[in-house]
């Protein structure tokens, strides 16, 4: 993978002429003018005599947050004046006529239109009649009729197109159809409905649904499986402009309007559109460390700024890495009503050749051959899961589906991945669409150490670690800020009969000398001790020469530079354990650090008496200082408050070109401040005002970012009163 993605080539525009009578509707923003009067056949001269027929005075969409529709459809959190409802569930509107409605004499319908060239047969033009003798794809009824006001109940089909629909009320007269003129305030957004049993995204578990659709504040996990770090994130799916930005993403992809009711197609299209590799999608990926022309991936605190930048500029936003892709994808899915969560896989294999093995080549003495070792294991990798039925797969493969927007490999010619059934991955059924083999390899590869014969170049497997890759898969637990281990949803327990059925493992005889490098927690800038623990399980003495290499690595497992190399000799008595300690000095690694501050130690060696290879690997995630985030003022809707972000530079060097960001869903839009210099040992204090726009519990989260120090975060909770 290149350090940053190349710009996408403009796609040639292909005409529909000769292939279809009209272009395929691919934009929710398009719309043809619907006539206010549509005559039946020839008309006499002059305006038609319509005085004695029903006339429409007003249409009330009942679109306010405290009115019936948004409360019943759980859409009251969206920051938009328009009505937002979920399909497969009734909503109401009130029509005021010029006189009382007479069901025996009067005929009227509520019409819904989406995209250009609307057609009844395509499901893009839906007339809903309240008369029982008239069939419609969507159900309609008169809920109440009082004086001149008729309350109409409308139930969109549970598989209808998701997007922004234009609404008209039409009255049938002997001369033609008279209808209301177009009014944007009557446009209605129709979303997927995980509360409706007939919708393909229906999720029965209430706690899971609350978390994966309605929660705006996420926790994204990173670091190492036994030293997990947390990164707060504002998904912001209800923020102003975010829903329109999500619809724009599908428009930019030229996704046919008629496909937008199918969550499988929507998730797959979005997995391609969230990266910019081949379609001018939302985010440009960069792993280079040079973010001069954009925002460093570690600096973002939420999705809102990214999505609004993209929809306003119509250009890809710089820059992202895997957790940014996953977080913004999560916002897209939740915003449209598809239950979604971000998952993190610790030790994630990038299996380029698809052989389910990560190959590490050793020379004849047991030392790593860096020239010939090409495979990499990401310290962690984030992707998404979305919840939906899979009528295209055998029964039992619905539910959670893995989707990944990080551009790693192409699928059907585009950089995208999924949706792949998690249940199918667990059972090794990887022939089903989409991209299950790639996800299967990310959690199931063996790490195989090969000894290379210097004379003929042949490779002989000498050690296998079958539990290193996919060590732990986690996501945020519903309703609380703790993590949940979901490894068992991707794979059977290591060594179980089911696991052996799913995987053909490479097996080698067990070595009688074990090596372990225990966990150590280290702060950035600290000296520390690296311990090597040997255990001789045999009845004879064992000796060996070890090679211990310490490398600064990117979180993708790619080495930046080696800062330590030691060759300790070890002598082990029969049935005894022995420790070796290696001193690691901060001055050796600090100047070579790259973002995310990962140190990777690998120890390899050969037992002299048996020729067996012993190996151990350890990722040390250096812990960064924290930001202090505090709020002051009365926590009430529309009352001014203040947030103060504080930071002290604990290092003996200056920090230059520093950006601080802060935001909070429902209370504070994204804001940032630039500091050209923070002197060694000095502190900064930034206070910014904000005005909460809605009540309830929420969080403010902040990040500090510069080239010398990344991933510095802080957050605080507050509850806003009405």
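Cβ atoms are placed via backbone N, Cα and C, with glycine included.
Automatic, uncurated: that is what TrEMBL annotation is.
Here is what TrEMBL says about this protein:
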type: ACT_SITE; residues: 322; note: active site
type: ACT_SITE; residues: 381; note: active site
type: ACT_SITE; residues: 404; note: active site
type: BINDING; residues: 444, 446, 494, 499; note: Ca(2+) binding site
type: DOMAIN; residues: 314-407; note: domain 'Transglutaminase-like'
type: REGION; residues: 1-42; note: region 'Disordered'
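Here the candidates are the active-site residues 322, 381, 404. The one whose C-alpha lies nearest to that of residue 494 (Ca(2+) binding site) is 381. Across the fold, the C-alpha of residue 499 (Ca(2+) binding site) and the C-alpha of residue 381 (active site) stand 22 Å from each other. It is 17 Å from the Cα atom of residue 444 (Ca(2+) binding site) to that of residue 404 (active site).
Sequence-distant neighbours of residue 404 (active site): residues of the same chain at least 6 apart with a C-beta under 8 Å from its C-beta are 271, 325, 326, 383, 384, 416, 417, 418, 439. With the fewest other C-beta atoms within 10 Å around its C-beta, 499 stands out among the recorded positions 381, 499. Residue environment of residue 446 (Ca(2+) binding site) contains 22 other Cβ atoms, counted within 10 Å of its Cβ in all protein chains. Here the recorded positions are 322, 444, 494, and the one whose Cβ sees the fewest other Cβ atoms within 10 Å is 494. According to DSSP, the secondary structure content of the domain 'Transglutaminase-like' (314-407) in residues is 15 helix, 41 strand, 38 coil.
Counting only the Cα atoms, the space from residue 381 (active site) to residue 322 (active site) is about 6 angstrom.
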